[in-house]
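Structure first, then comments.
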Amino acid sequence: MTKFIFVTGGVVSSLGKGITASSLGRLLKDRGLNVTIQKFDPYLNVDPGTMSPYQHGEVFVTDDGAETDLDLGHYERFIDINLNKFSNVTAGKVYSHVLKKERRGDYLGGTVQVIPHITNEIKERLLLAGESTNADVVITEIGGTTGDIESLPFIEAIRQIRSDLGRENVMYVHCTLLPYIKAAGEMKTKPTQHSVKELRGLGIQPDLIVVRTEYEMTQDLKDKIALFCDINKESVIECRDADSLYEIPLQLSQQNMDDIVIKRLQLNAKYETQLDEWKQLLDIVNNLDGKITIGLVGKYVSLQDAYLSVVESLKHAGYPFAKDIDIRWIDSSEVTDENAAEYLADVDGILVPGGFGFRASEGKISAIKYARENNVPFFGICLGMQLATVEFSRNVLGLEGAHSAELDPATPYPIIDLLPEQKDIEDLGGTLRLGLYPCSIKEGTLAQDVYGKAEIEERHRHRYEFNNDYREQLEANGMVISGTSPDGRLVEMVEIPTNDFFIACQFHPEFLSRPNRPHPIFKSFIEASLKYQQNK
């Protein structure tokens with residue numbers, strides 16, 4: 001039977017529940033268990049797809065096209081699994097589904113209430129996460145902080161699930177903060193005690209407490225928390241601040257967290273703890289030698305979480321070369337043709353990531369022009385690819401006013417236009433081209449060198465696509481279309497072979513990169529940037 005682990009948080013937000021859940025998932029996977037993980041978000045948006053990046057950070061896309069919380073990126077990268085649409089559940093999605101059922105008459109005229117209708121819907125989605133993946137263990141992170149009014153239906157649902165499935169199949173992990181009071185010169189357990197008291201008042205007794213702390217805990221502190229919170233002493237797990245997130249699984253393993261979970265849930269682990277690969281990765285991360293400077297030109301750079309997966313993918317790509325990646329955050333609204341060199345002259349590579357809307361798009365085009373004309377390694381993603389074709393059309397083909405129909409509906413040369421199937425769609429949420437799609441790579445191209453194969457699959461998130469009316473013109477003037485949909489209809493990758501490294505893709509490769517397995521485009525981009533740096 002599938003076992004369920006729930007990760008809650010108390011005292012303050014941003015304690016690292018997601019990293020704790022991810023690290024535990026990694027430990028259990030390395031013991032030979034089939035693990036999946038999900039996030040419950042208490043906000044009323046159906047999904048984060050239409051939320052501002054300034055509010056929410058990036059939208060992470062799964063293979064099956066779900067637009068999800070950025071924490072799912074952490075989950076996938078840490079555990080090295082591919083998640084699905086059941087891995088992110090919002091209050092908005094739950095309420096929306098319940099209300100649709102009510103309108104259909106599914107409740108036979110009954111009064112629809114938070115208990116049992118909302119809680120039953122939440123529990124149903126809990127079970128689907130396990131059923132859809134045949135998982136041995138489902139780890140669920142509950143967003144927010146214990147006591148938040150928005151989280152109460154989720155807390156009630158996970159309380160009920162223990163009775164539904166049996167105590168032996170359910171486990172609760174609670175993350176808290178152990179603050180250091182400088183004036184007193186000591187760490188205080190009282191916030192943890194009150195947080196657990198709040199959780200117990202809601203009917204949940206934690207089995208494990210993970211304590212976030214700046215300093216090493218004494219055994220007396222652990223004993224005190226165990227006594228006041230009514231758990232075993234070995235079930236108080238210290239999680240110290242670390243220089244690298246990749247240290248956290250090792251910290252938890254050293255305190256036998258995986259053994260405690262396996263014993264408590266009576267899991268059949270196939271192996272003893274195996275973290276050799278993880279230790280090798282951490283050794284590389286802790287011994288980087290030199291840096292490569294990448295100019296990331298975007299419109300949301302004031303909130304770096306808007307590009308979280310891109311940043312992580314760049315870091316992954318630096319590891320094989322033992323290089324740290326120094327990201328130069330460049331606000332595209334400030335870049336022009338005239339001042340581009342001021343921002344980009346000393347970078348080793350230029351990356352233009354995805355985005356939506358007209359604002360700051362001209363600055364991205366100026367950055368792309370600078371990369372093309374000065375032979376600086378360039379990598380464009382999604383909108384970055386679209387604007388690369390726009391820049392080429394304007395400045396090489398001479399099509400003055402060429403643009404994307406999304407950004408300039410009146411453009412005389414719509415190089416980028418709506419996908420045909422998008423023409424009559426009015427709703428914004430969940431209606432883009434989303435998820436994993438195949439791509440055919442053209443022989444003899446940089447793309448083929450990068451991937452080393454003719455067919456690939458990548459994740460997408462876009463509504464607009466390259467306009468095939470301009471295909472022949474671009475190719476006749478030196479831009480190569482190196483990747484298309486298998487039927488040849490949709491342009492997925494472009495490149496300029498006369499440049500040392502100029503490649504762009506319509507898809508989002510950052511969603512498939514792993515710390516121990518960098519995505520091939522990112523790796524090739526960093527390799528080209530390193531060569532450019534060495535030849536300066």
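A Cβ is built for glycine as well, from the same backbone N, Cα and C atoms used for every other residue.
The shown structure was predicted, so the numbers you read here are calculated from the model rather than taken from an experiment.
Positions annotated as active site, nucleophile by Swiss-Prot, on the basis of sequence analysis: CYS382. The annotation L-glutamine binding site is assigned in Swiss-Prot to TYR54, GLY355, LEU383, GLY384, MET385, GLN386, GLU406, ARG463 on the grounds of sequence analysis. Under the heading Mg(2+) binding site, Swiss-Prot lists ASP71, GLU141, citing sequence analysis as support. Annotated region 'Amidoligase domain' per Swiss-Prot: 1-267, in sequence order.
Least crowded of the binding-site residues (ASP71, GLU141, GLU406), judged by neighbouring Cβ atoms within 10 Å of its own Cβ: GLU406. DSSP assigns GLN386 (L-glutamine binding site) to a helix. Confidence annotation: the region 'Amidoligase domain' (1-267) carries a mean pLDDT of 93 in the model. Restricting the recorded positions ASP71, GLU141, CYS382 to those with a CA within 10 Å of the CA of GLY355 (L-glutamine binding site) leaves CYS382, listed by sequence position. Every protein chain considered, the tally of other Cβ atoms within 10 Å of the Cβ of CYS382 (active site, nucleophile) stands at 23.
GLU406 (L-glutamine binding site) sits 13 Å from CYS382 (active site, nucleophile), taking the CA atoms of both as reference points. When the Cα positions of TYR54, GLY355, LEU383, GLY384, MET385, GLN386, GLU406, ARG463 are compared pair by pair, the longest gap among these L-glutamine-binding residues is 23 Å.
Here the binding-site residues are TYR54, GLY355, LEU383, ARG463; the one with the fewest Cβ atoms within 10 Å of its Cβ is TYR54. Secondary structure at GLU141 (Mg(2+) binding site), taken from DSSP and collapsed to helix, strand or coil, is strand. Neighbours of GLN386 (L-glutamine binding site), defined as other CB atoms within 10 A of its CB across all chains, total 30.
In the three-state DSSP classification, ASP71 (Mg(2+) binding site) falls within a helix. Note on proximity: among TYR54, ASP71, GLU141, ARG463, the binding-site residues of the record, the Cα nearest CYS382 (active site, nucleophile) is that of ARG463.
In this view, the densest Cβ surroundings among the binding-site residues GLY384, MET385 belong to MET385, judged by other Cβ atoms lying within 10 Å.
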